[in-house]
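Some features that TrEMBL has for this protein:
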type     : residues : note
SIGNAL   : 1-31     : signal peptide
DOMAIN   : 32-117   : domain 'Ig-like'
DOMAIN   : 143-235  : domain 'Ig-like'
DOMAIN   : 250-345  : domain 'Ig-like'
TRANSMEM : 366-390  : transmembrane segment
REGION   : 399-423  : region 'Disordered'
COMPBIAS : 410-423  : compositional bias 'Polar residues'
REGION   : 477-500  : region 'Disordered'
COMPBIAS : 491-500  : compositional bias 'Polar residues'
Amino acid sequence: MEPLAAASRCPVWCLTSLFLFSLNSWAGVGGQDFQVLQPKDPVSVSAGDTLKLNCTVPQRGPAGPVKWFKGLGSDRQLVYADTGSLPRVTRAVPNSPSDFSINISDVRPEDAGTYYCVKFTKGSPDKEYQRGAGTVVSVSASPSAPSVSGPASRVEPGRPVNFTCTSEGFSPRNIAVTWLKDEIKLPAQPLQILPENASISYRVSSTLARSLTVGDIRSQLTCQIEHSTMSAPLQGTYNLSQALRVSPRPRLAANYSGAVPVNEMVEFTCSLAGFYPNAARLTWMENGNETQPEKSPSLTDNPDGTFSLTGTLEVRATEQRNQSSFTCRAVHDSQPPTSVTRVLAVTATSNKMEEDKKAGENSIQIIYIAVGVVCLVLGLLMVAVIYLIWAKQSKGKSSPSVRLHESEKSSGTAPQDSDTNNLTYADLNFDKAKKDQRQIIDMSQQSEYACIQTSPPATNEDNLTYADLDMVHLSQAPKRPTPLPEETGSEYASVQIQKK
């Protein structure tokens with residue numbers, strides 16, 4: 001009864017103090033026994049893989065949730081909670097009262113950091129009761145494909161140009177960059193890796209300075225990156241033609257030199273040689289006014305990768321066009337135009353000397369032709385005369401008449417009585433065909449002669465003036481020795497006259 005009486009005499013504040021003391025004593029014993037189990041060993045994972053973070057919490061202990069955070073302090077990031085989590089985070093063992101391990105799928109470089117498993121006591125709001133030791137996560141990430149960039153605009157050959165190769169998102173920090181031109185290694189260039197301090201991922205940049213030439217139109221730069229996360233290097237390329245501009249210089253030529261005869265056709269030829277890129281245009285102007293040619297310019301590919309463009313303009317050299325200017329203007333790759341001009345000089349007179357020369361040559365040709373014709377006519381006339389003479393002689397030889405000629409007395413002598421049987425000579429002409437050698441030999445074995453018998457003389461006629469062929473008798477003489485062949489034109493007759 002006394003203890004109860006003593007207890008009844010204890011004030012209210014004393015009871016409250018005793019309750020709080022007993023509560024704190026129980027909480028201290030429980031907090032020392034309660035422990036969040038989280039591995040301290042660091043975890044390394046490759047980007048794209050799934051990361052598992054382990055955490056075990058005893059079932060006994062104050063009521064309240066378990067949450068996952070990345071980092072500490074006020075800027076820590078909530079990774080998982082029963083009320084919500086990141087899209088790629090899930091519990092490894094759903095609804096487990098003690099296993100609060102989580103999985104992070106498709107790990108990224110930004111997922112690297114220190115993760116904490118934290119036990120809270122239930123309240124409004126919940127209060128942190130105890131946390132794990134924390135797990136350090138590192139993400140090994142391969143660098144992105146290298147990107148090679150050149151100048152913002154094209155440059156002329158001979159000017160230095162900077163080319164930059166960049167890659168990012170890789171971890172760890174160590175990386176190697178190599179430049180190649182047409183598969184030939186170039187000297188090493190300095191690298192810039194950011195950030196300079198430790199980070200979850202890094203970015204690298206390398207710059208190459210080169211002076212370009214026309215021959216680089218077909219060349220290619222290569223940036224090659226090697227990293228521990230890759231079994232083979234990554235490459236990025238850049239065609240040097242993207243940075244080059246080879247400007248043309250127009251050349252204007254004509255198919256004449258000096259003044260042009262009036263009304264002659266003149267052809268102007270404008271050429272652009274060895275330019276790049278293929279973005280050139282030709283325009284023609286006459287006295288400052290644009291004119292259209294009949295033919296479109298022709299484009300040619302050159303072996304070195306450049307291009308050539310040729311255009312023509314045909315005009316007639318009229319008197320009105322004398323001292324007119326013809327201009328070829330070229331515009332290449334949106335650059336200021338370049339032009340070249342020629343002045344057309346037209347002669348007031350036509351090419352008289354040339355015409356006179358041609359006329360003289362024609363006259364000489366006519367003279368030569370006339371002389372030739374005259375010579376030909378004379379030759380024909382001579383042939384005709386010779387033929388007529390020959391025909392006449394041939395006709396005379398073929399006459400079958402026999403002419404008997406009387407002896408002539410010398411002039412100045414008085415005629416004397418002549419004998420009727422006094423026959424001086426006789427000519428016999430016979431047609432004779434051409435004989436071959438055999439006929440001549442056969443005929444040589446024979447001898448023909450003519451025997452001419454005269455009729456009794458007339459009483460009133462003193463002389464015999466002619467003899468008819470009917471009175472001529474040919475008789476065959478005995479064979480004689482073979483004479484030498486005679487000419488085909490030789491004929492003779494033996495004439496015997498019987499005198500009475």
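Keep in mind that glycine also has a Cβ here, set from the backbone N, Cα and C atoms.
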Summarise the model confidence on the domain 'Ig-like' (250-345) as a single mean pLDDT, whole number.
93
As a quick check of your reading of DSSP, tell me how many residues in the domain 'Ig-like' (143-235) are helical, how many are strand and how many are coil.
5 helix, 47 strand, 41 coil
Residue counts in helix (H, G, I), strand (E, B) and coil for the domain 'Ig-like' (32-117), per DSSP?
5 helix, 33 strand, 48 coil
Taking DSSP helix as H, G and I and strand as E and B, the domain 'Ig-like' (250-345) has 3 helix, 58 strand, 35 coil
